[in-house]
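Enquirer: What follows is a single structure, and I will ask about it in a moment.
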Amino acid sequence: MEEERDHNASESSLPSLSKQLESSTLGGSAVDVPVVDLSVSDEDFLVREVVKASEEWGVFQVVNHGIPTELMRQLQMVGTQFFELPDAEKETVAKEEDFEGYKKNYLGGINNWDEHLFHRLSPPSIINYKYWPKNPPQYREVTEEYTKHMKRLTEKILGWLSEGLGLQRETFTQSIGGDTAEYVLRVNFYPPTQDTELVIGAAAHSDMGAIALLIPNEVPGLQAFKDEQWLDLDYIDSAVVVIIGDQLMRMTNGRLKNVLHRAKSDKDKLRISWPVFVAPRADMSVGPLPEFTGDENPPKFETLIYNDYIDQKIRGWALEDLPVY
């Protein structure tokens, strides 16, 4: 228990706001995070590359991933069209008590300066279409097609991670619930701001779930905290950004890295991103798998019901760092 409390403190103890703003390569040269080309026929090579990137960085990009370029274009089109609607129309899918729905965060302070749309994608039993925009009319069709591709890609990556760490291919997929694992989309809309050195589009955080797959538009802004500094990530056109979350880190007893990351707004250009978060069911127990623990490597984390983990992590965040969802 003591180890768990200590590590949870480190998970939720984010760099101070001054550190977040000062220690950054923003405006300088972006760094190249690992890139994995899925068109490579040598699957053993892909397994090694995915594991290495997840252990050393906790974030990487995949190219030639099989998601049609036209579908990605349509996804960006319908998302942009939604945020261009009048506020009154966007408010028809506004948040109520749950995290789902539309929200605008321009409330002063520097964190979470954005608008966003949040809703569940899968499994079908948890989808609430009242939070899916009816305008633009193609939104649902495009998003459902995109979900199919993202699920296939997620399961491929989880399978490679499992195999690369000496597990059965389905281990990580089944450990987060298999077909009942929850997929959630958040469309982030970061408008231009002249106060780029004073405003953070999305505050520094690690993802609470297992893994996230993200597509941004062409405007840079995603940053990762590595080697005691914030690094701007150089995005490759049509790539998918893969981000390792807390639960894969916990299941592997710390072997995989849950990367701390944030989003910055641009001075002149609109930035939009489409992360899909993949997480266990709320009632699932998640903790170190036996393959990663032993007499010389005791569990670093307590096995917790996922919903309890969420509550514990949120309580550990400072109010100013709390994501607004």
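Positions of Cβ are set from backbone N, Cα and C atoms, glycine also.
Reproduced below are the annotations present in Swiss-Prot:
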type	residues	note
REGION	1-21	region 'Disordered'
COMPBIAS	10-21	compositional bias 'Polar residues'
DOMAIN	180-280	domain 'Fe2OG dioxygenase'
BINDING	Asn188, Phe189, Tyr190, Arg271, Ile272, Ser273	2-oxoglutarate binding site
BINDING	His205, Asp207, His261	Fe cation binding site
Enquirer: If you draw a 10 Å sphere on the Cβ of Ser273 (2-oxoglutarate binding site), how many other Cβ atoms land inside?
Expert: 25
Enquirer: About how far apart, in whole Å, are the alpha carbons (Cα) of Arg271 (2-oxoglutarate binding site) and His205 (Fe cation binding site)?
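Expert: About 19 Å separate the Cα atoms of these two residues.
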Enquirer: Note down the number of other Cβ atoms within 10 Å of the Cβ of Asp207 (Fe cation binding site), including every protein chain shown.
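Expert: Asp207 (Fe cation binding site): 23 neighbouring Cβ atoms within 10 Å.
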Enquirer: My understanding is the cutoff is Cβ-Cβ under 8 Å with a sequence separation of 6 or more in the same chain; which residues meet that for His261 (Fe cation binding site)?
Expert: Val59, Ala204, His205, Ser206, Leu222, Gln223, Ala224, Phe225, Ile243
Enquirer: Going by Cα-Cα distance, pick out whichever of the binding-site residues Asn188, Phe189, Ile272 is nearest to Asp207 (Fe cation binding site).
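Expert: That would be Asn188, nearest by Cα distance.
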Enquirer: When the domain 'Fe2OG dioxygenase' (180-280) is classified with DSSP, how many of its residues are helical, how many are strand and how many are coil?
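Expert: Computed counts for the domain 'Fe2OG dioxygenase' (180-280) are 7 helix, 46 strand, 48 coil.
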Enquirer: Have a look around Ile272 (2-oxoglutarate binding site) and count the other CB atoms within 10 A of its CB, chains all included.
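Expert: Its Cβ has 22 other Cβ atoms within 10 Å.
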